Amino acid sequence: MLIFICCCFSLTVCEQVKSAVPPGLIQKIDDSTIHAGCLGLFGRQLIKACNIIGSGIFVSPKGVLENASSVGLAIIVWVATGVITAIGALCYAELGVTIPKSGGDYSYVKDIFGGLAGFLRLWIALLVIYPTNQAVIALTFSNYVLQPLFPSCIPPENGLRLLAAVCLLLLTWVNCYSVRWATRVQDVFTAGKLLALGLIIVMGFVQICKGHYYWLEPAHAFETFRDYDIGLIALAFLQGSFAYGGWNFLNYVTEELVDPYRNLPRAIFISIPLVTFVYVFANVAYVTAMSPQELLASNAVAVTFGEKLLGVMSWIMPISVALSTFGGVNGSLFTSSRLFFAGAREGHLPRLLAMIHVGRCTPIPALLFTCISTLLMLCTSDIYTLINYVGFINYLFYGVTVAGQIVLRIKEPNMYRPIKVSLIWPVIYLLFWAFLLVFSLYSEPVVCGVGLAIMMTGVPVYFLGIYWENKPQCFDTNIGEEILPF
């Protein structure tokens, strides 16, 4: 209710975020921000690959296996999710160069289906997607930090929530204090992610060479620990898709890319197969050291993997994953401000959320709003419920965006399209999308229904705050042009 009242009374058109900033500050902001356009093709591929590879691979394997009901089907789900991700990325590549605006699917949905659809995409991202994603990563960080301290049992839920909240508050402060500090944290902690995954994959190959591939043999890989269920298989795809999240990152910075017509599809063709390879072989490595039952019993699969194979050096794994997930929370906080900017530029957000601190060049109000929303998500420590929650909403709008590609082909057949993919790809994506949403809603009606209900709360906010142009003066709140330095 508080958010509803805030948006109804504060939604005012922000012509340009930069217009609220004194002259000379624009250059300072640009100097403090890493722009994708400054990077070559290799840099863009690295950004896309590193943005996709995150904490998901350390938490989703359990959820995928639990819902897939067998090792063999779980690996098929990982491969198929990578293929579907690549198809979706190709569709987004066409949209990215046809509608060359930063903001990603928010910009595409708004231009194709109108302001209400675009606003709902932004609304659900603010209230569900970013907060839930950050809550999952923070809880994963807590699990990997606390699991070694509770080797024979599951860490207490209150401890998990408290440590996740401390992680979130600390990184929110860092991002509020300095852009440079935030980017340095990201650079340093990315190394933990690469170290952990590299160790897992190498040890997996060593295990296979030693003959430890019992659960990879076809005769055993498809042994089920419960009957297959089409609804649960859909949830397995949702769990896997969480790990692939971030594949559309470059579409959020299309305006900053150098030669996006060539480099955007190249980044897709190289980075997504690379990520799929890493994810599939990380999961193969897990089952060379653990039975399905051991994997399902662990809340920190990489820690269990390390304990079985690394002996006295097993401490490396929880530290590496904790570093990775700590950097993941920081990266999510850092990049979410781009969506706030795109929404404010279109007049779809309160000016407050788009304002930048004059002295520090950081979007403090947006960061604080995201932090509070994420803390509310931490009221539950069930990571897999949260993943289903964000996965369903994400795929809902992925499908709407890809459907927009077909609508745009019909409405504007002569529009210049530097990249034009065959319509068979969006059709395949939408068929998979329909399967996923229908059976996810069937299997988790409460979780998916709550997500839809939250999304629909944006409808009255849009009509009262944006569509209604001749509002009484009391509806428009002037919150000032800048935030004073601390």
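Including glycine, each Cβ sits where the backbone N, Cα and C put it.
Because TrEMBL annotations are produced automatically, they should be read as predictions rather than curated entries.
According to TrEMBL, the feature signal peptide maps to 1-19.
Counting same-chain residues at least six beyond the ends of the transmembrane segment (71-97), those with a Cβ under 8 angstroms from any Cβ of the stretch are 61, 64-65, 104-105, 108, 215-216, 218, 220-223, 228, 233, 236-237, 240-241, 243-244, 247-248, 250-251, 254, 260-261, 264-265, 268, 272-273, 275-276, 279-280, 283-284, 287, 292, 398, 401-402, 404-405, 408, 417-421, 425-426, 428-429, 432. Residues annotated as transmembrane segment in TrEMBL: 71-97 (among others).
Residues or ranges marked as transmembrane segment by TrEMBL: 118-142 (among others).
What TrEMBL lists as transmembrane segment is 162-182 (among others). Beyond the ends of the transmembrane segment (162-182), by six or more residues, the same chain brings 32-33, 134-135, 138-139, 141-142, 145-146, 326, 329-330, 333-334, 357, 360-362, 364, 367-368, 370-371, 374-375, 378 to within a C-beta distance below 8 angstroms of the stretch.
Among the features that TrEMBL reports, transmembrane segment is placed at 194-216 (among others).
With a threshold of 8 Å between CB atoms, the same-chain residues lying at least 6 positions outside the transmembrane segment (228-247) that come near it are 48, 51-52, 54, 56-57, 60, 63-70, 73-74, 77-78, 80-82, 84-85, 88-89, 133, 136, 272, 275, 279, 384, 387-388, 390-392, 394-395, 435-436, 438-440, 442-444. Annotated transmembrane segment per TrEMBL: 228-247 (among others), in sequence order.
The transmembrane segment feature in TrEMBL is assigned to 268-289 (among others). Long-range contacts of the transmembrane segment (268-289) within the same chain: residues 45, 48-49, 52-53, 57, 61, 64, 71, 74-75, 78-79, 82-83, 85-86, 89-90, 93, 197, 200-201, 203-205, 207-208, 212-213, 215-216, 243-244, 247, 295, 301, 305, 308-309, each at least 6 residues beyond the stretch ends and with a Cβ under 8 Å from a Cβ of the stretch.
Summarising the annotation, TrEMBL assigns transmembrane segment to 309-331 (among others). Taking Cβ pairs closer than 8 Å, the transmembrane segment (309-331) reaches residues 51, 54-55, 58, 134, 137-138, 140-141, 144-145, 147-148, 167-168, 171, 174-175, 182, 185-186, 188-193, 195-196, 199, 203, 207, 289, 300, 302-303 in its own chain, all 6 or more past its ends.
The transmembrane segment annotation in TrEMBL covers 352-377 (among others).
The annotation transmembrane segment is assigned in TrEMBL to 389-410 (among others).
If you look up TrEMBL, you'll see 422-443 (among others) marked as transmembrane segment.
Annotation source TrEMBL lists transmembrane segment at 449-468 (among others).
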> Which sequence positions outside the transmembrane segment (194-216), separated from its termini by at least 6 residues, show Cβ-Cβ distances below 8 Å to it?
Replying inline: 53, 57-58, 71, 278, 281-282, 284-289, 291-292, 302, 305-306, 309-310, 316-317, 320-321, 324
> Restricting to the same chain and to residues at least six past its boundaries, which positions have a Cβ under 8 Å from a Cβ of the transmembrane segment (118-142)?
Replying inline: 3, 54-55, 58-59, 105-107, 109-111, 155, 159-161, 163-165, 167-168, 242, 245, 321-322, 325-326, 328-329, 332-333, 336, 339-340, 342-343, 346, 348-349, 369-370, 373-374, 376-378, 381, 383, 386-387, 389-390, 393-394, 397, 400, 451, 454-455, 457-459, 461-462, 466
